[in-house]
C-alpha cells in the first residue's frame, strides 16, 4: 500500500482509538446482514436468521475480533501486506473457498463502521487513507487465488 507519511500517521492514530473487539464484531455482523450470501461461510455460527440475531451472535463477535486482530497486525506491516496475509490468503483460497470479492466488501463495511464510531475525526482525508489500506488488505488476501 502506498501511503504518505501523513496518511500512515493518521491511520495509526485513529486505529489506536478503535475498540477492535467492538468494531470487529460489528463489521463482520454488518457484512453478514448487508450481504447475506456471505453467511454460507459461517454455517457453524448458529442463528443468523435476522439482523438482530446476527448482530448479537457471540460467534460473529468472536470471529470479528479475530479478523480485526489480524487487520491490526497488518497495519504494522503496510509495506508487506502480501507477506503478512500470505497464510490467511492460502487458507481462505484453498480450504475455505471464499470468494475474494468478499474481502473488498468487508473492507468497505469496515470503513462505514469506522465512520460511525469515529464521527468527525473520520475526515475525508482519513477515509481516503483507510480506503487504500482496506483495498491493500483485500488484494493481499486475494493474492493466492488463481
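Each Cβ is built from the backbone N, Cα and C atoms, and glycine gets one as well.
Taken from Swiss-Prot as is:
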BINDING   63, 92  heme b binding site
DOMAIN    2-146  domain 'Globin'
MOD_RES   1  N-acetylvaline
MOD_RES   44  phosphoserine
MOD_RES   59  N6-acetyllysine
MOD_RES   82  N6-acetyllysine
MOD_RES   93  S-nitrosocysteine
MOD_RES   144  N6-acetyllysine
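Location within the structure of each feature annotated in Swiss-Prot.
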residue	record	DSSP (3 states)
1	N-acetylvaline	coil
44	phosphoserine	helix
59	N6-acetyllysine	helix
82	N6-acetyllysine	helix
93	S-nitrosocysteine	helix
Packing count at residue 63 (heme b binding site) (other Cβ atoms within 10 Å of its Cβ): 17
Fewest other C-beta atoms within 10 angstroms, as judged across 1, 93, which are the modified residues: 93
For the domain 'Globin' (2-146), mean pLDDT (0 to 100): 87
Candidate modified residues 1, 44, 82, 93, pick with smallest Cα gap to residue 63 (heme b binding site): 44
